[in-house]
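Colleague: The structure's right below; bear with me while I get my questions together.
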Amino acid sequence: MKESINILAIESSCDETSAAVVVNGREVLSNIIASQISTHEKFGGVVPEVASRKHIEVISAVVQEALDEANFTLDDIDAIGVTYGPGLVGALLVGLQYAKGLAFATGKPLIGVNHIEGHISANFIEYKDLKPPFMCLVVSGGHTFIVYMKDYGEFEVLGETRDDAAGEAFDKVARAIGLGYPGGPKIDKISKEGNEEAIKFPRANFHNDTLDFSFSGIKSAVLNYLNKREMKGEEINNADVAASFQKSVVDVLVDNTIKACISKKVDKIAVAGGVASNSCLRETLVRECKKKGIEVLIPPFILCTDNAAMIGSAAYFEYIKGRRTSLDINAVPNLKLGER
C-alpha cells in the first residue's frame, strides 16, 4: 500500500455542502464548507427542498476549491469518500450522485460513509495519536448516541435517543422563547445570563440499565411552563428558561456517558456532533469526568459541525480495510450506525 492515501471527501447530508482532501485519515489539506444557515434562518429551520437546490448550485465549485486548496488534481486522489446516510434524502443524493459521477469518470474507488461514523472520526483528525477503544458521545441536531468504538469502523451503540435528538430539542425550545434558528448556539449564549437552578425541568429516567435518552419530556415541560406563565400574564425570564433547560439536557448526557465508560472500563470519552460545541456540555463533562479519572476529547468547532474532513477520515479507515462501495449505492436517509 502507498505511504500516503489521499481521500477526496464530499458531505451534503443536511444544510452544509462540503468537500475536503484528507491524507491518511488524520491530515487535512483542505476542508471547504458552504453553509446554508442564513438561507434557512428565515424559515426557522432547514427546508429540505431548498437545501437540495442549494447543494446543486455550489457542489462543483466546492469540490474544485477543495482540490485547489490542497494543490491536488483528481489524478492525485486514491479514493472518493461520500456521505450516503443518514440525512435528508434529497440533500444526500446531490453529494452521492456527484461522487459517483467522479468515481465513474476517473476510475477511482468509491467509499460510502455513514454520517455518524464521520462525526466520530473527526476526533482522529484533532487527536493524531487517538486509537480505539474509547467511548464517544455523538450529539447533533438529528442524532444522539453513546457509542463504544471497539476498533476502526467497529461500533457498539450503548445508548440513543428514543424521541427527539438533543440538538432538535435545543432548536424547538429556542423557537419557543423567540431566539430563532439555529437554536443551539443561541441558547448557549443567552444561558450565560440566566440561573440554571431557577426552574426544575424533569430528566428522563427509565429505571433500568438502559443508557438511552429521551428529550421530548424536557422539551414539553419547557413549553408547558411557558404556556402557563403566559396564560397567567406572568413575566418570563428567557435566560433562566434557557439555562435551566440546558442544564437538564446536559446533566443527562453527561451522566449516561460516564456510566457507559464505567461499564466498559474505558478512560477516554470523545465528543462529536454540533452540540459538542455547547460550552455547558464541554465544561460539565470535563469537570465530572475529571472526578472519575476519565479523559475528555473534544474537537474544535469546525470539526464538530457537518464537514467533509470527518468523512474523509472515516473513508480512509474503510479504505485500508479493503472496503469499497458499488456505484449502484443509493442514499439511505435512516441509515443506522454499523449498517453497510
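Cβ from N, Cα, C; glycine included.
Okay, so Swiss-Prot annotates it like this:
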type	residues	note
BINDING	His115, His119, Asp306	Fe cation binding site
BINDING	Val138, Val139, Ser140, Gly141, Gly142, Asp171, Gly184, Asp188, Asn278	substrate binding site
Colleague: Over all pairs within Val138, Val139, Ser140, Gly141, Gly142, Asp171, Gly184, Asp188, Asn278, the annotated substrate binders, what is the largest Cα to Cα distance, rounded to whole Å?
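Modeller: Greatest Cα-Cα span of the listed binding residues: 18 Å.
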Colleague: Around Gly184 (substrate binding site), which residues of its chain at least 6 apart sit with Cβ under 8 Å of its Cβ?
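Modeller: Looking at Cβ-Cβ distances below 8 Å from Gly184 (substrate binding site), excluding near sequence neighbours, one finds Gly141, Gly167, Phe170, Asp171, Ala174, Gly274, Val275, Ser277, Asn278.
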Colleague: So which one is it: of the binding-site residues His119, Val138, Gly142, Asp306, which has the fewest other Cβ atoms within 10 Å?
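Modeller: Sparsest of the binding-site residues His119, Val138, Gly142, Asp306 by Cβ contacts within 10 Å: Gly142.
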Colleague: Of the binding-site residues listed here (Val138, Ser140, Gly142), which is spatially closest to His119 (Fe cation binding site) when Cα positions are compared?
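Modeller: So, spelling it out, the nearest of the binding-site residues is Val138.
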Colleague: Would you count the other C-beta atoms found within 10 angstroms of the C-beta of His115 (Fe cation binding site) for me?
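Modeller: Looking across every protein chain shown, the total is 26.
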Colleague: Give me the Cα-Cα distance between Asp306 (Fe cation binding site) and Gly142 (substrate binding site), rounded to a whole Å.
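Modeller: Pair distance, Cα basis, whole Å: 11 Å.
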Colleague: If you draw a 10 Å sphere around the Cβ of Ser140 (substrate binding site), how many other Cβ atoms fall inside it, taking every protein chain shown into account?
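Modeller: Within a 10 Å radius of the Cβ of Ser140 (substrate binding site) lie 24 other Cβ atoms.
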Colleague: Which residues, same chain and not among His115, His119, Asp306, have a CB within 8 angstroms of the centroid of the CB atoms at the recorded Fe cation site?
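Modeller: The answer, listed by sequence position, is Glu11, Ser13, Thr83, Gly87, Ile116, Gly118, Ser140, His143, Gly273, Asn307, Met310, Ile311.
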Colleague: How many Å separate the Cα atoms of Val138 (substrate binding site) and His115 (Fe cation binding site)?
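Modeller: Checking the Cα atoms of Val138 (substrate binding site) and His115 (Fe cation binding site) gives a distance of 11 Å.
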